[in-house]
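Novice: Attaching a single structure in structure tokens format; questions to follow.
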Amino acid sequence: MDNRSVQRRRTGDVRHLLLAAAFLTCNSQLLLVDANSWWSLGLTPIQRPEMYIIGAQPLCSQLSGLSQGQRKLCQLYQDHMTYIGDGAKTGIKECQYQFRQRRWNCSTVDNTSVFGRVMQIGSRETAFTYAISAAGVVNAISRACREGELSTCGCSRTARPRDLPRDWLWGGCGDNVYYGKRFAQEFVDAREREKNYPRGSREHARTLMNLHNNEAGRQAVYNLADVACKCHGVSGSCSLKTCWLQLADFRRVGEFLKEKYDSAAAMRIGRKGRLELLDKRFNPPTPEDLVYIDLSPDYCHRNETTGSLGTQGRFCNKTSEGMDGCELMCCGRGYDQFRVYKHERCHCKFHWCCYVKCKRCSTLVDQFVCK
């Protein structure tokens, strides 16, 4: 199959998305405060209403945190919403894993903003959160296409890689990363594209920052997807292989974006209304890099204004010199030490046939908590 025919098929896959995007652009409005977020879809299960029940509310009217444009996309693609929620949940969990040993640990709060007021600051942490959330949606939608869960997409139609050996078959049902990336762009970016802040304003800079980091998250999933193959043959001889495009494990995506977080570029709004480097001595960021416009707040102490939850009560590692160490995690305030019993399986033995029997052991361990 030549590249032209592949491109035509891809274009057909996303034509409905482009039409929806044009519809949303014509109905944009000024949004001053993002008190709610679509991330909240990851905190509560999404259940499609039973249409035959008298008085049942439409699905999209039940979902909080959606912007006007996202709600319209919800109406057009209701079967996608469960997977958008799954993607948000995946992103939140990965964020919490990657930052589990940092002062800011991606904690959620009990409202539809999900992460609280700290997201109103255009910091490195905010940049990572936007990127990993967008990546989660690409991941979930791409896999749902492959599994036949969505009405507007199916298996990947990516062209055969040129470096694939000739005697290997190409055509297994792969993850549709192309569709997942396109749909995630239309849905996740809808909120930002509805805004109409004055060009060059601080609010406009924040919108550009969000859009850039959303794209960086999508690019991470797209670029890390790779070829997977399965052997066929008598007695596992692997005389034939069938290959397809497969998503990378999401942990790899999280680790990749964490590296981008550590090297994120500090930006400011320029005279032409575009983001530019704060320090021109550095190379400009690529679409895969994260960008931020504000310094991170003090995460050591609880602060209602910035949304920082502080590190009081956080566990720390007494012997570590890293960010999880008690000296850094507790910000010099000191720590309390106490002993607890840790219960775990031990002395496991295999019995024929066929089960494993273990004993339960208790060990007294020291734990340290920041004051």
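Every residue, even glycine, has its Cβ placed from backbone N, Cα and C.
Found this in Swiss-Prot, in case it helps:
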type: SIGNAL; residues: 1-28; note: signal peptide
type: DISULFID; residues: CYS95-CYS106; note: disulfide bond
type: CARBOHYD; residues: ASN105; note: N-linked glycosylation site
type: CARBOHYD; residues: ASN111; note: N-linked glycosylation site
type: DISULFID; residues: CYS145-CYS153; note: disulfide bond
type: DISULFID; residues: CYS155-CYS173; note: disulfide bond
type: DISULFID; residues: CYS229-CYS243; note: disulfide bond
type: DISULFID; residues: CYS231-CYS238; note: disulfide bond
type: LIPID; residues: SER235; note: O-palmitoleoyl serine
type: DISULFID; residues: CYS300-CYS331; note: disulfide bond
type: CARBOHYD; residues: ASN303; note: N-linked glycosylation site
type: DISULFID; residues: CYS316-CYS326; note: disulfide bond
type: CARBOHYD; residues: ASN317; note: N-linked glycosylation site
type: DISULFID; residues: CYS330-CYS370; note: disulfide bond
type: DISULFID; residues: CYS346-CYS361; note: disulfide bond
type: DISULFID; residues: CYS348-CYS358; note: disulfide bond
type: DISULFID; residues: CYS353-CYS354; note: disulfide bond
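How buried are these features, and what lies next to them?
Specialist: The C-beta environment of CYS106 (disulfide bond), restricted to residues of the same chain at least 6 apart in sequence and closer than 8 Å, consists of ILE92, CYS95, GLN96, GLN98, PHE99, PHE115, GLU125, THR129.
The Cβ of ASN105 (N-linked glycosylation site) has 18 other Cβ atoms within 10 Å, all protein chains considered. Under DSSP, ASN105 (N-linked glycosylation site) is assigned to coil, being neither helix nor strand in the three-state scheme.
In this view, CYS145 (disulfide bond) is surrounded by 27 other Cβ atoms within 10 Å of its Cβ, with every protein chain counted.
Under a cutoff of 8 A between CB atoms, and with a sequence separation of 6+ in the same chain, the neighbours of CYS173 (disulfide bond) are ARG146, CYS155, SER156, TRP244.
Applying an 8 A CB threshold to same-chain residues 6+ apart, the list for CYS229 (disulfide bond) reads TRP168, LYS241, THR242, CYS243, TRP244.
The Cβ of CYS231 (disulfide bond) has 11 other Cβ atoms within 10 Å, all protein chains considered.
Within 10 Å of the C-beta of CYS300 (disulfide bond) there are 18 other C-beta atoms, taking all protein chains into account.
For ASN303 (N-linked glycosylation site), the same-chain residues that are 6 or more apart in sequence and have a Cβ closer than 8 Å to its Cβ are PRO297, GLY310. Reduced to three states, the DSSP call for ASN303 (N-linked glycosylation site) is strand.
Taking the Cβ of CYS316 (disulfide bond) as reference, residues of its chain lying under 8 Å away and at least six apart in sequence are, in sequence order, ASP324, GLY325, CYS326, MET329, CYS330, TYR335, PHE368, VAL369, CYS370.
Under a cutoff of 8 A between CB atoms, and with a sequence separation of 6+ in the same chain, the neighbours of ASN317 (N-linked glycosylation site) are GLN101, ASP324, GLY325, CYS326, MET329, PHE368.
DSSP classifies CYS330 (disulfide bond) as coil under the three-state reduction.
CYS346 (disulfide bond) is surrounded by 11 other CB atoms, counting those within 10 A of its CB over all protein chains shown.
There are 9 other CB atoms within 10 A of the CB of CYS348 (disulfide bond), with all protein chains counted.
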Novice: Whole-number answer please: how many Å between the C-alpha atoms of CYS153 (disulfide bond) and CYS331 (disulfide bond)?
Specialist: 50
Novice: In sequence order, which residues at least six apart in the same chain have a CB under 8 Å from the CB of CYS238 (disulfide bond)?
Specialist: CYS231, HIS232
Novice: Based on Cα distances to CYS346 (disulfide bond), point out the closest of the recorded positions ASN105, CYS145, CYS300.
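Specialist: That would be ASN105, the closest of ASN105, CYS145, CYS300 to CYS346 (disulfide bond).
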Novice: Determine, to the nearest whole angstrom, how far the Cα atom of CYS348 (disulfide bond) is from the Cα atom of CYS300 (disulfide bond).
Specialist: 43
Novice: For CYS95 (disulfide bond), what is the secondary structure state per DSSP, taken as helix, strand or coil?
Specialist: helix
